[in-house]
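Asker: So TrEMBL lists the following for this protein:
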type     : residues : note
DISULFID : 40-50    : disulfide bond
DISULFID : 151-161  : disulfide bond
DISULFID : 264-274  : disulfide bond
DOMAIN   : 1-75     : domain 'SRCR'
DOMAIN   : 83-180   : domain 'SRCR'
DOMAIN   : 194-298  : domain 'SRCR'
DOMAIN   : 306-347  : domain 'SRCR'
């Protein structure tokens, strides 16, 4: 029905239908109600050409008032080559591009950081720190206009990038992104790199991640031990011994807040491999730096080394280093002979030892 109306009015054959004009700010009609139960195929030239499954009596009884007057918003034709973001706000959303005077979307298959950088730059934002995303702000009424974009990052327009205009792609794979509305100098880092800043030692500090040549922080909201495991492992420290600090323990960052509401399993090798919704960060208390996460990771230990913890120099919990990580010893069947070996390995006398089980 909408397709027929919009085409008749000279607009695109794409629009939105509404069953209540008052919700759109339109006034109710004053004249007679002529049509009901339309069944257009979409090919008709006029609404009067569509099938109408009702009688005059049915129309009078069901539509005796104008509360349910139908409304349509038709999409105007666009200027070829223009680009816009929809569904979010002025810096983030679904990417739409105008091809043949019709807005189209970009398939997010193979959509990456370089592609997002080109689009943000084309929109007038910084090319640095652009975050690509997929499956958010999806819109089913628009066709796919670009498939398999392959930008180098230096293009001035997404149309200058190598791409296809045909190919299979689900509407749920519409490309979206977040642009940075800031002017910051690019850094010599690669997307996915992480670092610790502001600590008294190199193994502690505010966690920062690089995206599109820009360092940004990570929000501590819903951050847990699994996220810490991945971050410390990626930094080259022990996976299971890290500690986390919220509320800007190591000072607030100055760049964008890139990540937040992480959902790592602990098996990932990079924070960017973890499930996350980048748009939640942009719409939450994470949008400022008050919740910048800080970490203190433990350096890798030497395989085969041994230590006593939470006691004195000669007493404590036994810990062994395996695969660069400190771990404990199960006390099942632990006896004086075992304790004698440990004490000897630690440089103490094997005599007079005592095994203590937790």
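Glycine too: its Cβ is placed from the backbone N, Cα and C atoms.
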Asker: I'd like the Cβ neighbour count for residue 50 (disulfide bond), meaning other Cβ atoms within 10 Å of its Cβ, all protein chains included.
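Answerer: There are 17 such Cβ atoms around residue 50 (disulfide bond).
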Asker: Helix, strand, coil residue numbers for the domain 'SRCR' (83-180) per DSSP?
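Answerer: Secondary-structure breakdown of the domain 'SRCR' (83-180): 16 helix, 44 strand, 38 coil.
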Asker: Taking just the CA atoms, what is the gap between residue 50 (disulfide bond) and residue 264 (disulfide bond) in Å?
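Answerer: Here the two Cα atoms lie 54 Å apart.
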Asker: In whole Å, note down how far the CA of residue 264 (disulfide bond) lies from the CA of residue 151 (disulfide bond).
Answerer: 29
Asker: How many Å lie between the Cα of residue 161 (disulfide bond) and the Cα of residue 264 (disulfide bond)?
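Answerer: Residue 161 (disulfide bond) and residue 264 (disulfide bond) have their Cα atoms 33 Å apart.
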Asker: Could you give the number of helix, strand and coil residues in the domain 'SRCR' (306-347) as assigned by DSSP?
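Answerer: The breakdown for the domain 'SRCR' (306-347) reads 10 helix, 14 strand, 18 coil.
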Asker: Summarise the domain 'SRCR' (194-298) as counts of helix, strand and coil residues per DSSP.
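Answerer: The counts are 22 helix, 29 strand, 54 coil.
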Asker: Give me the mean pLDDT over the domain 'SRCR' (306-347), rounded to a whole number.
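Answerer: Summarising the domain 'SRCR' (306-347) by its mean pLDDT gives 90.
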Asker: Can you grab the distance from residue 264 (disulfide bond) over to residue 40 (disulfide bond)? Cα atoms, rounded to a whole Å.
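Answerer: Between the Cα atoms of residue 264 (disulfide bond) and residue 40 (disulfide bond), the distance comes to 49 Å.
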Asker: Within 10 Å of the Cβ of residue 151 (disulfide bond), how many other Cβ atoms can be counted across all chains shown?
Answerer: 21
Asker: Give me the non-local Cβ neighbours of residue 274 (disulfide bond): same chain, 6+ apart in sequence, Cβ-Cβ under 8 Å, ordered along the sequence.
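Answerer: Non-local contacts for residue 274 (disulfide bond): 227, 230, 262, 263, 264, 265, 268.
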